[in-house]
Amino acid sequence: MNFQENYDVVVIGGGHAGVEASLAAARMGSKTLLMTINLNMVAFMPCNPSIGGSAKGIVVREIDALGGEMGRNIDKTYIQMKMLNTGKGPAVRALRAQADKDEYADSMKNTVSDQENLTLRQGMVEELILDEEKKKVIGIKTSTGTKYGAKAVIITTGTALRGEIIIGELKYSSGPNNSLSSIGLADNLREIGFEIGRFKTGTPPRVLASSIDYDKTEIQPGDEAPNHFSFMSSDENYLKDQIPCWLTYTTENSHTILRGNLHRAPLFSGIVKGVGPRYCPSIEDKITRFADKPRHQLFLEPEGRNTEEVYIGGLSTSMPEDVQFDLVKSIPGLENAQMMRPGYAIEYDVVMPHQLRPTLETKLVSGLFTAGQTNGTSGYEEAAGQGLVAGINAALKVQGKSEFILKRSEAYIGVMIDDLVTKGTLEPYRLLTSRAEYRLILRHDNADRRLTEIGRQVGLVSDEQWEHYQAKMAQFDREMKRLNSEKLKPLPDTQEKLGKLGFGPIKDALTGAEFLKRPEVHYNEVIDFIGQAPEKIDRTVIELIETEITYEGYIKKAMDQVDKMHRLEAKRIPKNMDWDKLDSIATEARQKFKKINPETLGQASRISGVNPADISILMVYLEGK
């Protein structure tokens, strides 16, 4: 077949999954093509103008630790930074940034355009070109008839795949923010034989900043103390003139307006067919499901420094536009607000993720990968994490190297992908800290310690990032060694000093590390007794030291659990396993095994509906092989 051009990797879709996938493949040396419907929407934020949040912020740190771009890009373009859950334990702390929406997209587009081995091109991909046996992808075809050869293809089409926007009774074919909908590719995936689902998400109205009465709202400032998503970012560059968000609430009048128009709500009238997100429901869904609540929180989030648009977080809706006008004016601070864009719902096709391997390669077609909302997830961060993994694995496949799979104990990205390919999802999947059984290990502060060496091994972490990481870890090791050797002795002046600080006396000599294990003690207080280190210890190293020492016992227990799970993961299941030969397992287990085809005993044990007895039978069978 004649191709216009040939590439190692072709990525379809330039959203948050697509840019990470294409950058990863190109940086690993693969000749890569990124095809996007609209060059002006590369890394565009069609919904909330923010990056991070609970669990999601840790994903961004993981992307950065592996050599990805999202963390670096938001650190260049944020307008506010805030650490969440600071009053809770380190396992659930996460960073959130308010983004300058346009700057974020422009900056990422420039990064993509400047990347060696990467070509950015506008076009609508209509068809995957397969080999004669229809088992391997060899290229793509666009709406203009142009064909490009590819050794691997990654689909990252987001909500554009047969996308339809819904506002009241109005329903029309569209991708996010009135971009083109991808119909041909959606049809093609069905023709190939993929099981396709239909999901829904939504976005709230935007209002004019100058029309808001901020005196009726509560200011939500950013943090003065520096924090960053990228491990490479410097505290010296931390933004001082941050832009605040504002908190307001729905009112009883808001709820009356909504209840009086529920018969016109697409969600309840039958116009919306797709399954919506459980953890980000529309406001009409919220007042129905939580009818006892007198009000709901709303956050007024500026979309950038050079725009008047303000996003009303928490007010996602697809109600008719006239209802939205009344709804907005029922909210304190927005009585005279001008609505610039109405909220809308968008329905789109998804490739049901049980059809994927842990590499995000499809089981049906060799060399074809999918990532992001195409796989049934929600959120920019979840998409970017999957895009990175798909891009790495596409490059490795082309290069004939071993595949890259993140374990549940290594990263939230690993938890997410394992959930998707093992359990599947019947609704838009969102990462939560509660989904991770090893969350004390998967923290914000140690993402580089967990993943940078892995990123270096696959060829994605640059020399500069690697040197920075090694210097940090060397300092961490030196200071940990010092804390474990320097001692506090039960001398009179020590006891007096402890009393003045509100600490109880010590009976025996303690190392600095032993003293730091006390829950009320922090690193700086330990230094008061054992003295300063001979070098200036970086703030991020101190944070890591405090957590590792304070929670040492809990971390050890978690690592013991990880070791047990790794033993199960080490037991591989043959690719062409005949599940009918396992006579003694339950019928439900056999059906699930046939559908998902788990690759390890560990993955099999996590499938919903499979009980320990089924796993024991499978283990005995495998040991007898």
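Any Cβ shown, glycine's included, is placed from N, Cα and C.
In the three-state DSSP reading, Val125 (FAD binding site) counts as strand. All protein chains shown were included, and the count of other CB atoms within 10 Å of the CB of Val125 (FAD binding site) stands at 25. Sequence annotations record features per position, and here Swiss-Prot assigns FAD binding site to Gly13, Gly14, Gly15, His16, Ala17, Gly18, Val125, Ser182, Gln373.
The NAD(+) binding site annotation in Swiss-Prot covers 276-290 and rests on sequence analysis. Secondary structure from DSSP puts Cys280 (NAD(+) binding site) in coil.
Taking the Cβ of Thr288 (NAD(+) binding site) as reference, residues of its chain lying under 8 Å away and at least six apart in sequence are, in sequence order, Leu262, Phe268.
Gly13 (FAD binding site) falls outside any helix or strand according to DSSP and counts as coil.
The Cβ of Ser282 (NAD(+) binding site) has Gly202, Leu267, Gly276, Ser316, Thr317, Ser318, Ala345 as same-chain neighbours under 8 Å, each 6 or more residues away in sequence.
Residue with the densest Cβ environment among the binding-site residues Gly13, Gly276: Gly13, by other Cβ atoms within 10 Å. When the Cα positions of Gly13, Gly14, Gly15, His16, Ala17, Gly18, Val125, Ser182, Gln373 are compared pair by pair, the longest gap among these FAD-binding residues is 18 Å. Residue pair Val125 (FAD binding site) / Glu284 (NAD(+) binding site) shows a Cα separation of 36 Å.
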